[in-house]
Amino acid sequence: MPALPPPAPPAAPAGDQRLVDRFGRVATDLRISLIDKCNLRCTYCMPADGLAWLPKERLLTAAEIRRLVRIGVQDLGVRELRLTGGEPLVRHDLADIIAAVRGDHPDLPISMTTNGVGLAEKARALADAGLSRINVSLDTLHAESFERLARRNFLGRVMAGIDAASAAGLTPLKINAVLMRGINDAEAPELLAWSLLHGYELRFIEQMPLDADHGWRRDNMVTAEDTRELLRGEYDLTVDPGDRDGAPAERYRVASKREPGVVLGTVGIIASVTEPFCADCRRTRITAEGRVMSCLFSREETDLTALLRSGATDREVADRWRAAMWAKPRAHGMGHTGLGADDFVQPDRSMSAIGG
Ligand SMILES: Nc1nc2c(ncn2[C@@H]2O[C@H](COP(=O)(O)OP(=O)(O)OP(=O)(O)O)[C@@H](O)[C@H]2O)c(=O)[nH]1
Ligand SMILES: C[S@@+](CC[C@H](N)C(=O)[O-])C[C@H]1O[C@@H](n2cnc3c(N)ncnc32)[C@H](O)[C@@H]1O
Ligand code: SF4
Ligand code: SF4
C-alpha cells in the first residue's frame, strides 16, 4: 500500500468524471471481489494449505458494495459489473447483493465468475435476484484431473452447477479453462467438443504468474499458440471478424475438419502472457476488502473502505477512485508488457485474493 494517496488526475472537463488513465484508456468494466475465501485450491491460484481468510469485518459489506457500484455507474462511467472472488458463491448474502444492485440499476449487465461448487442449489435464486449471466471455471471433464488441479473432488458438483445455471437462463454461459502442461492440455479438443455440444462458449486461459506458490514458469506454461495447435488436430479455427471490444478473449470460429466450412460455434483464447491486450484494457478492480487495483498486477492498492466508513461523501470516494485509476500502469503492472520479464515482479497476493 502506498503511504500517500496516488497523484490526482487532472481536473476532468465538467460532466466527465470517467476513470481515465495516463495512457488514454477509460475503465468501464468494474470487477468486484466479494470474498477472498474459496472452497477449491487450484494449483495455479492457491497453496495446498494455509492462506488466512480476511476476517468478516474487513470485507466490504453488502451496503458498501451497493454504494460503490452506484458511485461507479452514476458518477464514473461504469457500464458493466462482474462479481468474482475467491469464490463468490461462498458469500452468504450473494443474492441480496445482486438484488440490491439490480434494484438500483435495472439495465446494468451483472455477471459472475465462479467455480460452480454450490451453484446447483443457487442458480435459480441468483437469476431471480437479477444476475444476467455466468462464467464457470472448468479445466477438465475427468474426476482424476479435476482433483489434481483443484485439490478437491468436486467435479460432479460443478457439472450440476453448470446444468442448473443453463436451465436458469444465466446465458450465454461461458466456460473458463486453464491448461496445465501434462495434466489437462491433451484434453483441449475434448473440452471444446463438450462445450460445443452444450452450447457453452469455452475460453482457454493462459496461466499467469498469480499463484500463491510462485511456481509459474514462462517456459512451462501452455501458450495460446500451443492451444491452437492442440485444437487444430480436430478443428479449423478462423479469427472471428466481430469487434473484440476490449475483451480479453480473442474469439475464433470453429469448424469441424470432417465437414469443412460448417461452423460449429466459437472458442476464445485469453492470451494474457503471449498476446497481451493491455493497450485496450477497460478494467477497474475492487478487492474484497475495498481496495482499488487499477491492474491485475498492480503492486499499489488504494483503500476505499476507510473512506466509506468515515462518513466521506460520494464525491470524495469517486475522487480517490479516479486518482487510483489515473496511476494505472501501462501493462502487466509496469511500464511495458512482459510477464516473466526480468523486471516483472509477481504481486504478493494470489489470484484468489485479488479477484480474478
Ligand atoms: N491480464 C488480464 N487477464 C484478465 C483480466 N481480466 C480477466 N482476465 C483473465 O481472463 C479470465 C476470464 O475472466 P472472466 O472473469 O471470465 O471475465 P471475461 O473473460 O473478461 O468476461 P466475459 O467474456 O465478459 O464474460 C480470468 O480468469 C483471467 O485469467 C485482466 O484485466 N487482465
Ligand atoms: C480467481 S477465479 C475467481 C472466481 C472463481 N473462484 C473461479 O474460479 O471462477 C477467476 C478466474 O481466474 C482464473 N485463474 C486463477 N488463477 C489463474 C492464473 N494463475 N492464471 C490465469 N487464470 C487464473 C480461474 O481459472 C478463474 O477462471
Ligand atoms: S481459481 Fe477460483 S476456484 Fe480455483 S482456487 Fe482460485 S479462486 Fe478458488
Ligand atoms: S494486465 Fe493489467 S493492464 Fe493488462 S489487461 Fe490486465 S488489468 Fe489490464
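Just so you know, glycine gets a Cβ as well, placed from its N, Cα and C.
In TrEMBL, annotation is done automatically, which means it is predicted and not curated.
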Looking at TrEMBL, ARG82, THR113, LYS174, ARG283, THR284, ARG285 are annotated for GTP. Which of ARG31, ARG232, ARG330 sits in that same site?
ARG31
Let me check the 10 A CB neighbour count of ARG285 (GTP binding site). How many other CB atoms are there?
24
Should we count any of the binding-site residues LYS174, CYS278, CYS281, ARG283, CYS295 as near ligand 4, judged by a CB under 6 A from one of its atoms, and which?
CYS278, CYS281, ARG283, CYS295
Sequence gap of 6 or more, C-beta under 8 Å: which same-chain residues meet both conditions with respect to CYS42 ([4Fe-4S] cluster 1 binding site)?
SER137, ASP139, LEU149, ALA150, ARG151, VAL178
If you check the binding-site residues ARG31, ARG82, CYS295 one by one, which have a CB less than 6 Å away from any atom of ligand 2?
none
